[in-house]
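These notes are about the structure you will find just below.
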Amino acid sequence: MEATSSALSSTANLVKTIVGAGTLAIPYSFKSDGVLVGVILTLLAAVTSGLGLFVLSKCSKTLINPRNSSFFTLCMLTYPTLAPIFDLAMIVQCFGVGLSYLVLIGDLFPGLFGGERNYWIIASAVIIIPLCLVKKLDQLKYSSILGLFALAYISILVFSHFVFELGKGELTNILRNDICWWKIHDFKGLLSTFSIIIFAFTGSMNLFPMINELKDNSMENITFVINNSISLSTALFLIVGLSGYLTFGNETLGNLMLNYDPNSIWIVIGKFCLGSMLILSFPLLFHPLRIAVNNVIIWIEITYGGANPEEDPQVSEYTRASNLRPISMTVEDPAQPSDALDATSYNEQECLLPNGNFDNGSIESQENNNDERGTMAVAGDNEHHAPFVKSRFYWITALLLISMYTLALSVQSFALVLSFVGATGSTSISFTLPGLLGYKLIGLDSLAIGKMIPPKDRFYKRCSLLLVFYGLSVMFLSLYVTVFNRSDEA
């Protein structure tokens, strides 16, 4: 698949993946945290999530062809037996959040235009289904840009309302009496809402498709996209979070739009923008969901179905990926003179070191009928995920959409389910898995050619290990808070 994506379109897609409807819940989190702690938590989430994206990008460069990067491929290089588990984490995360978007669409549009909740959920399929059928993430750039305009309007609305009320002197009492500038307002509330901010920057599910489709997928350009995306997302979260909290103080609600006058034309437009943003964000979650489901299906075929790699090209690609090893090795032929072997090894190393950079990958020894010595062949030119063949792309798409719409039409609240989704799925793909992959892969390129790991890579490996412990801590704390709150409600 030809790489056509620019840094601008990749930034738009990544920002739109990160920033969703949860933005309007951040002021509510600030109400419990206070201004100082809320800002610190936002910056902490930005740094840790950005580090996770950067580590994954570094891991992609350990492949001979970085355009083949995916969670699936890297897990097969490092933890083959755990690959299905991480795909399941991706499925849980994307399916759960996508489902919540459909539920919110059904709750939002009837208040704007009338009609039944279920009617609007079904009507959203007119836009969602065509966008879910595109095969390249870059083809969603225009819908992402439209979604960003909708998000920009909401952010400007929240900020301008704060400035307008401040100018009229309406906020004097709130700023003096309600706002906690330096201390935590509600410690129990902090534990209940901290996951809103921590998980706000989840966007790693679309990082690898972005890397694979970038025209210039150098580490510098990828870092540029990540830094811009995290910076823009952080700015939006802080603007909405602080402006919303400083405007309403202790009256701030979980959905900030409910704090405003529902009859105001500006608020009506804002709610319409929110609904549009939900519809346009759905395909960005569906894209990695479909890939993860395909990977799990093929793994089941191999493990329990007795599939034959020689007969099924999908199974063949999966099996080939599962046999990959991250360290390249040369193959010695006893009949070959040592000086010829040295020259061959040097030439092989040159092939594996484009532009002076070693890319880890699997090296398979193949027998050349025209040459007695072993030759090296690179395994890694397969798709960046287990490929879709024949009609599988379409029936996976159909089954997922039917199941998600059926659940959205039949159940109106997924609050508890989404709490567990955030605690497990988000932490796995944002912190734990990037940390595990980074600790295993970063620096292996230097070791493979007999060099010491550079100090910078050693630093990244330590950061990766810290990211694992950070992710596990966040996961267990989030699960504890979810169960604790549930027991209190009971």
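In case you wondered, yes, glycine gets a Cβ from its N, Cα and C as well.
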> Checking Swiss-Prot: are Ser5 and Asn177 on the same side of the membrane?
Replying inline: no
>> Could you tell me the mean pLDDT the prediction assigns to the topological domain 'Vacuolar' (485-490)?
In response: 58
>> Within this structure, do the transmembrane segment (464-484) and the transmembrane segment (265-285) have 3 or more Cβ pairs under 8 angstroms, counting pairs 6 or more apart in sequence?
In response: no
